[in-house]
């Protein structure tokens, strides 16, 4: 590979990014050969020795994983994308999984992890570990962690962060059992705005669908907060259009729709608790939509008090609502999840502003920012209007960008002859919302799910 291009990439990488690249390469270059590497140029020499830079594919994977896709243009030798062959080296899904945990681990979580590993690792090893990647490396040296044994890591993470533990659990579920005679199932990892998603490809096997046999299919509850009583949060113009759109589409999909306007935080909790006591034996699914202001990990009641995402979903776990066991529980949240903005990278010269943007009024569904995890019980889907730490947008006349696109794509799927899974629908929502520009900013929705079957929604009314 062109040394000049590699040198330019080296100049753009920070020392922490070089350390991350070294960690990701531990399965293709011996750990001893990676020791004392001080810059990317030294790493590139090690990769060249292994023939890993004969084409740009492996380096492209590395840069994508550490979220430095901005450097990929330096690898292009002509206008075509690099070709990948069956012989091309592929990054270990195990290493990438560990890197995603490192990315999402807070300083507090790192301290917790060190404390829990005290006694299993030496004191010197723990004190020398400045990052989670360092700890993972020490665990590997001590025989506590490998690509075929993640049990110690899983047990440790479960003590302080269920979302990080879920990432490991999903990786573990994808591993082939020892001495198994079953066919290896390929694993695809998708990274969407910082979220790690595992999809198991069952080639040639029919995926089971959730049973939708009752009329009505179930209940769709919409909590629509428009008018706020305090001084910090503004009223949410346009939200009535979202409520109308949700009522129309979910009624047509066979759900009874109930809309609750302007609930305080306690009112929201009370309604959800009341809803969890319902007998769902003769219903197939539950849908809850929350339209409000929010910040990371929570939404606001009209009294400007917080309700965590966990408080929204926990009442409907199988432990608390047993008649919902094995049935899909869909939550769609239109609210900001922080005060940041989603940026965008343009692969070609920017287009002029769409005419439809001119004269439109957008607002942000933002509150003042912190964190909460999502329940990981089976058969939940949580559709967020935006990724964590970012704002979502709402047109004050026509409704929110996310909810309007969600209803549009649900309608398209319901009327189609194809049997689209709900995840296919949400992928299209991501694509269409991601294409837009709002107040000169971008927005990217984020679905999170523990669904165990396909969910196909068709109009029945």
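The backbone N, Cα and C atoms fix where each Cβ goes, glycine too.
TrEMBL annotations: computationally assigned, not manually curated.
These numbers come from a predicted model, not from an experiment.
What TrEMBL says about this protein:
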- 1-77: domain 'DED' (DOMAIN)
- 93-161: domain 'DED' (DOMAIN)
- 182-200: transmembrane segment (TRANSMEM)
- 216-340: domain 'Caspase family p20' (DOMAIN)
- 293: active site (ACT_SITE)
- 336: active site (ACT_SITE)
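Confidence annotation: the domain 'DED' (1-77) carries a mean pLDDT of 85 in the model. For the domain 'DED' (1-77), the DSSP-based tally of helix, strand and coil residues reads 49 helix, 0 strand, 28 coil. With respect to their backbone Cα atoms, residue 336 (active site) and residue 293 (active site) stand 6 Å from each other.
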